[in-house]
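Below is one structure. I have some questions about it.
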Amino acid sequence: MPYLEVDDLHVGYGQIAALKGVSLSVEKGQLVTLVGANGAGKTTLLRTISGLLRPSRGSVNFDGQRIDAMEAHKIAGTGLVQVPEGRRIFGRLTVSENLELGAFTRNDKAEIMADKERMMTVFPRLKERFRQLAGTLSGGEQQMVATARALMARPKALLMDEPTMGLSPIMVEQVFDTIQTIHAQGVTILLVEQNALMALSVADYGYVLESGHIVLEGQGDALVDDERVRHAYLG
Amino acid sequence: MAVQIPEDRLKIARLSRISIVDVLLWALRIGVLGVVIAGTIGTLINGRYGWTQWVDFVVFGLTLGSIYAQIALGYTMVYGVLRLINFAHGDFMMSGAFSAFFVANAFYRSGFLESHPVPALLCILITSMIVSTAVALLAERFAYRPFRRVVGLAPLICAIGVSFFLQQTFRGMFGSSIRAYPDPSWQRATISFLGIEVQAVELLVIGLAVLFMIGLYLIVQYTKMGKAMRAVAEDGDAAALMGIDVDKVVVFTFMLGGAMAGIAGVFYCFVYKQVYFYMGFTPGIKAFGAAVLGGIGSIPGAVLGGFFLGLVESVGPALFLDGLGIPGPYQLRDVIAFTLLIMVLIFRPNGILGERLGKKRA
Ligand SMILES: Nc1ncnc2c1ncn2[C@@H]1O[C@H](COP(=O)(O)OP(=O)(O)OP(=O)(O)O)[C@@H](O)[C@H]1O
Ligand SMILES: [Mg+2]
């Protein structure tokens with residue numbers, strides 16, 4: 001059984017169907033990318049996996065447990081953590097407090113402190129801004145806070161929703177470096193990205209979502225070479 | 001292609017934006033400001049009040065202010081977390097005050113209140129806090145929670161319903177008469193300081209209120225639940241993604257607000273020496289005003305707004321109205337309080353420390 005498995009998922013907003021039977025799976029330790037145009041339903045899928053939306057049909061399993069009826073905070077407690085679209089950091093809290101909240105489900109105080117220190121070495125930019133309100137940081141720095149906050153949970157798997165949105169090319173490179181580092185440390189990742197070429201080239205496996213359907217899937221590099229993907233997403 | 005708009009058309013557009021309402025509003029602002037300034041100058045020239053009296057006014061203002069501030073904290077915290085104006089919050093205070101009255105009355109009859117003020121006061125405070133908190137938690141669980149995801153006016157109407165429900169329940173159980181809160185001698189003691197006589201109980205209220213508010217600040221600022229509360233206030237979904245149980249945080253918020261309301265209820269009894277089923281309404285409305293004044297959702301704002309309102313109410317009549325020769329200015333203290341509230345909000349719609357509500361949760 002795959003580590004994270006989405007099966008025949010249907011999700012709607014009122015009468016509007018956003019996901020119309022999506023199935024995908026992520027094996028333990030894999031980095032899987034999901035690409036798709038604006039409005040394809042990528043965010044809807046991640047929000048449903050995380051328990052913020054309820055599916056009308058279908059199931060989600062994670063780590064041998066069915067989670068599609070679980071409350072969002074309990075899903076986070078199982079080790080499946082999301083870095084949401086638009087970062088959604090707590091702007092009126094300090095960087096340090098943001099990181100502490102990331103570790104909310106943990107109780108090992110000393111270890112949490114150590115992890116906070118570790119984040120400072122992973123993201124040196126945050127070090128000087130530790131006591132600053134997170135809302136005053138630049139977009140790139142806020143993305144670091146969002147990622148670090150999620151890592152503070154010591155996640156088994158990460159869902160990342162467009163972590164490079166609105167960032168400069170240099171920052172985009174940095175974010176991809178970070179993602180690969182996290183992946184190399186054994187964290188399973190499901191990555192949603194607009195930068196389809198970059199995302200697919202680092203991924204083990206990729207899915208293409210279109211109007212609520214998975215229309216294509218395959219090995220990351222194979223998808224990069226696929227004529228249809230090139231045409232639709234890579235220009 | 002850029003469209004050319006004639007210069008005179010632009011001018012008309014600009015002028016027509018200044019409506020008659022704007023003119024009236026400005027007249028109102030200038031008028032109120034004029035009254036305040038003229039009254040203040042008149043009072044100061046008249047010199048009817050010595051500085052001992054002014055100190056009296058200020059101390060009483062701070063006493064009222066600490067009561068308003070404590071109630072306002074409940075409004076502002078619940079608003080911050082749920083975006084709900086908890087109209088029944090004043091009645092949480094009333095519930096606590098009633099329980100305080102019963103405990104105090106029993107102690108008074110047995111003589112315990114007179115002979116052992118400190119343990120008696122502790123018992124009264126704790127009872128009131130527990131009762132207010134319990135009422136707040138019941139209201140949250142059975143009235144507000146079902147409305148959690150409902151948008152529009154329904155949650156507010158539900159809160160108004162809870163308010164009526166509590167008032168009528170207490171009226172049904174204990175009648176509609178006004179009951180006198182016991183008045184042992186230590187509550188009437190005065191302290192002389194540099195020739196000024198101050199009510200000891202007023203200093204006690206201010207001192208304890210400041211202490212409790214510092215306690216609240218430490219909880220909200222430094223405990224895990226306090227941080228979670230601030231996170232939920234900012235972005236509930238993101239907080240849930242971090243593993244924070246939003247329901248628990250809401251319960252925690254109502255607990256803190258309820259406890260503060262319970263303390264305020266005891267202090268209200270000390271100042272006004274009476275309890276009745278409708279007693280929560282006026283201080284509730286005023287504290288809500290204070291919370292809005294400070295910037296609803298802001299904890300320091302609620303404290304600031306509360307003290308500001310208390311001071312204006314206490315100092316205002318003498319300072320602004322006496323100099324104008326208005327008889328019986330104290331009858332008008334609520335008018336002053338609410339006028340100033342409206343004035344501040346005209347100039348700063350988001351309150352003193354408030355931020356623009358629109359930009360939250362983008
Ligand atoms: N809260 C909502 N209410 C109604 N419809 C919604 C809501 N959120 C999303 N939708 C609709 O659901 C569909 C999928 O939206 P979703 O946000 O999942 O797309 P996305 O793939 O994440 O797009 P993007 O790349 O722009 O982030 C869209 O048609 C969108 O209009
Ligand atoms: Mg999206």
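Cβ from N, Cα, C; glycine included.
Copying in the features that TrEMBL gives for the protein in this structure:
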type     : residues  : note
TRANSMEM : B:20-45   : transmembrane segment
TRANSMEM : B:57-80   : transmembrane segment
TRANSMEM : B:92-112  : transmembrane segment
TRANSMEM : B:118-138 : transmembrane segment
TRANSMEM : B:150-170 : transmembrane segment
TRANSMEM : B:190-220 : transmembrane segment
TRANSMEM : B:249-270 : transmembrane segment
TRANSMEM : B:276-296 : transmembrane segment
TRANSMEM : B:303-323 : transmembrane segment
TRANSMEM : B:335-353 : transmembrane segment
If contact means at least 3 Cβ pairs within less than 8 Å, sequence distance 6 or more, would you call the transmembrane segment (B:303-323) and the transmembrane segment (B:118-138) in contact?
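They do not touch: fewer than three Cβ pairs between the two stretches lie under 8 Å.
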What stretch of B:20-45, B:57-80, B:150-170, B:335-353 shows the most Cβ pairs under 8 Å to the transmembrane segment (B:249-270)?
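So the stretch in question is B:57-80.
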What residues in the same chain, six or more past the boundaries of the transmembrane segment (B:92-112), come closer than 8 Å to it by Cβ-Cβ distance?
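Same-chain contacts beyond the flanks: 71, 74, 119-120, 123-125, 127-132, 135-136, 139, 166-167, 170, 174, 179, 181-182, 184, 257-258, 261-266, 268-269, 275, 277-280, 283-284.
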Could you tell me what the rest of the chain brings near the transmembrane segment (B:190-220), counting residues at least six beyond its ends with Cβ under 8 Å?
52, 55-56, 59-60, 62-63, 66-67, 69-70, 73, 77, 226, 229-230, 256, 260, 263-264, 267, 270-271, 299, 303
Do we see three or more Cβ pairs under 8 Å linking the transmembrane segment (B:335-353) and the transmembrane segment (B:118-138), pairs being at least 6 apart in sequence?
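Answer no: the transmembrane segment (B:335-353) and the transmembrane segment (B:118-138) share fewer than 3 Cβ pairs below 8 Å.
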How about the transmembrane segment (B:276-296) and the transmembrane segment (B:57-80): at least 3 CB pairs under 8 Å, pairs 6 or more apart in sequence, or not?
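Yes, the transmembrane segment (B:276-296) and the transmembrane segment (B:57-80) are in contact.
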Using a Cβ cut-off under 8 Å, which residues of the same chain at least 6 positions beyond either end of the transmembrane segment (B:118-138) come close to it?
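Residues 74, 91-93, 95-100, 103-104, 107, 112, 166, 251, 254-255, 257-259, 261-263, 265-266.
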